[in-house]
Structure formats: structure tokens, C-alpha cells
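Notes follow once the structure below has been shown.
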Amino acid sequence: MTATAATAPNLPISIAKVAIVGAGTMGLGIAQVCVQHGLPTILFDINADMLPKARQAIADGLGKLVEKQKITAADREDALARLTLTDQLDNVQADLIVEAVVERLDVKQQLFQNLAKCNPTTTIFASNTSSLPITRLAAGIPHPERVVGLHFFNPAPIMKLVEIISGVATSPAVADAMYALAEQLGKRPVRAADAPGFIVNRVARHYYVEGLKLAEEQVAPLEVIDE
């Protein structure tokens, strides 16, 4: 049941601590962005073997920024000190939890339901999904007004665009908080309704189709079209 204004929890205006679930390419990239911009960040993965590799990848990513003189060596060490790694879901407690797991609705729903049991009602749950409906993702989660789409693009440390997707129940305060956070992280946020493909993937599909048509009509070789 969707929470009403009278029963909705007091959601945080600012985000002091972030948790990322999933230490794959997107998860560790988002974690790097967060620690780089001053946010204490928990990075969780059910596979403990992934965590040292993720930390090294983040350290290497920050190291490249040092080489390019975009941050200092001290900045890199400070950022790494903000990173906490865990394979225990009960340790995933934060103002904002961003999931970057496999693109399956049932997996994401179950994850948020489990996390809701060990977090206060003020915790915001954000999904990095590129196309799954946020409204359906929020179904069955206590206080669905705190569920929102926060879609980073790959590679997250480099790509500026972030889509903020509101489901039917998403609180405007939550969407506003995500917009402000994206700006804090040096990103260019855009708001989107909960429609198939959101903005970017929906537009991109037409490019893919036209690219295939160009190849089919032998207008140009595939290699040229890809370039």
C-alpha cells in the first residue's frame, strides 16, 4: 500500500552516507565517484572474492586522476579511506542505497525487501536499472515513496549524465534529493518519468535500428557504422 503524506517517513534532505550493492563494473564505478566526492561509501557484494578486486580497480581509477593532475595523491588516499567493503548484507546501512546488481526485477525487489529489514524507513532505495520499471520495483517494499531510479552510464567515473526516474509512488522530495546528489557528484542529472527505456535507451534504440538498416542496405560496412 502506498504511503500517504500523513504516514510517509521524514526523508533525509541530504545524503551523508551511501551504500552500493554490487561490485561489478557499474557498482565499483559509482562507488569511486561517491568516495571521490567526499561521501563515506559501503560497497557490498555477495561474492567476497570480488571485493579486493573492486578496491584495486577504484584505487587504479583514482590513480589515473592523480596522473592527470585532476586530484592529488592525498586526495586519492582520503577517498580510499572513505570506502568500506563488506559481503554481509546486514552491514549495508546508509542514507542512500544504490543497487547495481543483475538486471532482473525479481532479484532487485528481493534485495530491497531484505535491505528494508535492516535499515530505517528514512533510507532511500535507488536502482541503477537502465530500463526496468521503478513503479513495479517499488511494489512490496515498505514506504515505496522512497524508491527511485538513479541511472548512471558506463563508465560511471567519466560519463556525466545521470537519469533520475520517478515511479508512481516516488516522493518529489526523494527525486529532488537525488538530483542534488548527482550535482554534488559532478554529474548532469535529468529527470525522467517511469516509461520504457526512460530517455537515453529509448532514443538509442532508434539509432541501433537505423544502424542495422544501413548495414542491411549496404550503405556502409558494419565497421564504418560502428565508428
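Glycine residues also receive a Cβ, built from the backbone N, Cα and C atoms like all the rest.
Features as listed in TrEMBL:
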type	residues	note
DOMAIN	17-194	domain '3-hydroxyacyl-CoA dehydrogenase NAD binding'
SITE	HIS151	site 'Important for catalytic activity'
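Over all protein chains present, the Cβ of HIS151 (site 'Important for catalytic activity') has 23 other Cβ atoms lying within 10 Å. For the domain '3-hydroxyacyl-CoA dehydrogenase NAD binding' (17-194), the model's average pLDDT works out to 97.
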